[in-house]
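Notes for the one structure printed next.
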């Protein structure tokens, strides 16, 4: 565990915002994860900066999460400080054809605000869980659309507590990637460029995206969305299904019978259960197709023991 002083000092720095031993399963869409040593929900960017500066000064491990929709947390929890960017940093504002959204704004909320303003571009976000911070960081996308294409500029915070702005080009967006994944940077706010569109057309397209998602994805069970990135020219779901793993179950984790790139929690799944299925899917696809699947979900906490156990199954 981190030093007990970390909790006391942060609690004094941000009264009412800090908790010890917070169960991380409450903060991930998989509903999986052990306790974090220290858990902080900042109210605004200045409080976020204070936490980051404190962690840097004390050399404490720091993890930043949003809605936890693309995240697997170890059963043993997280040693360090977990910062959740949520309601305290969720403002959305519209200026002409531009939308400014803070990192904690829900994707569904941004899409709805754009639709109400008659601004197109965010329709593909309909039904996707998550927040702007995580979605921009990983350049989230669906149905051939990617969020990075709409970004004009972002406000970032580095792990030394310094704010900086970067353009779309400087963010170096790629398939499910950006510079945020390769450097100690936190997205604080993003400016998006949209285009005028008929409100009814926006509504109808969002309904089509949502209907398609309901037909093809296991929305009735907790999951983290796509587990693996799609390899060039193919999809991870197809490869896993062709390898015969659709429906495979370990404990209460199951490779979805509806979409093989989803692993669902049927009730009380653990990170160990999920990791076992991840290992089996990787091994089966590599053996049959010679394709090495790469994770799209992020794993935090010490999962080495779980991985070792999974490989022995």
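All residue numbers here begin at 1 and follow the chain in the order shown.
Placement of Cβ uses the backbone N, Cα and C atoms for every residue, glycine included.
Record features (Swiss-Prot):
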ACT_SITE  176  active site
ACT_SITE  226  active site, proton donor
ACT_SITE  296  active site
DOMAIN    31-197  domain 'FAD-binding PCMH-type'
Practice task
Between the Cα atoms of residue 296 (active site) and residue 176 (active site), find the distance and write it as a whole number of Å.
Solution key: 8
Handout entry: Integer Å distance between the CA atoms belonging to the residue listed as 'active site, proton donor' and residue 176 (active site)
Key = 11
Fill in the blank from the handout: For residue 296 (active site), the three-state DSSP class is coil
